[in-house]
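K.L.:
TrEMBL feature annotations, pasted as is:
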DOMAIN    18-274  domain 'Protein kinase'
BINDING   47  ATP binding site
TRANSMEM  325-348  transmembrane segment
């Protein structure tokens, strides 16, 4: 009996094990189906490559590396059939939920959801980069959202589709100068056909996060040529309403020079600092009981604007400036939470407590924290 062809494999059984139920999506290299592993009785996603798909040798090597990765924000690879006999296919974890692309059609995401998205995806990319792989196609359609089952826009994100991933330092199996990736999320170096590096994925992720915050693509030109060439002469417009902290992070991630971008690991740290600072801001709006001379208690409201501190200067894209902002923002989040906690404890005593001494800090961080102390001191 002839092997089924990838034109329409719905209802077929691959490898005497994987039953294909419905088509989930289609791309340049193949078709993705929702399937059923009849042996383990679980749902799976099966990517069937088109006949004659090139770079199967590279995909086979990349698949072996991905199979060894175990990360909560990466779609797990279960099985692969990439030999001479067609159809060739990959069997992956099936994620119940929409893609980020589908979600963004309804508009932007709330900032807490975007910071979680940034942390999840950057952490996944860090694991991939450490394994010597560059994804090359980070875009909303390749981000799967899984709801943890609680209310609100809470979800965990998984990075999928390594169909065009690139093995760093491996023998080149692609045509020199070939542009691979999705036009709206290409990095400048991809436009010129240069070898992709880990920083390529960081740039694309920056564009994805910017779109998630604003609901608009940074490079949305209707003409494909204009959209691609704009990467070489323009920086994405980062609106002021995203805030100083997000503006600094996104500007660094989308620097045109790859050497000026943070690593995926540094993006994780930046996203965590944003989340920690936001948590401090929530605490700072609460009322804190402070003792008065008469023994009665009075309340003071901590100013929220001092909870998350902007970088001391605008990010110019240099690694030194970026890492300095990362360190200062982390210190700001930790110190603010510590100061608020100290004030709460001090307010519980019978005698008025002296304001806790501030650590030695650079300006303007010291001035911001001094304003906080003045606002809550008796």
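These residue numbers are counts, starting from 1, taken along the chain as shown.
Glycine residues also receive a Cβ, built from the backbone N, Cα and C atoms like all the rest.
TrEMBL: automatically predicted annotations, no manual curation.
Help me picture where these features are in the structure shown.
P.N.:
Cβ neighbours within 10 Å of residue 47 (ATP binding site), excluding its own Cβ and spanning all shown chains: 23.
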K.L.:
On average, what pLDDT score does this prediction assign to the domain 'Protein kinase' (18-274)?
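P.N.:
Averaged over the domain 'Protein kinase' (18-274), the predicted model reaches a pLDDT of 86.
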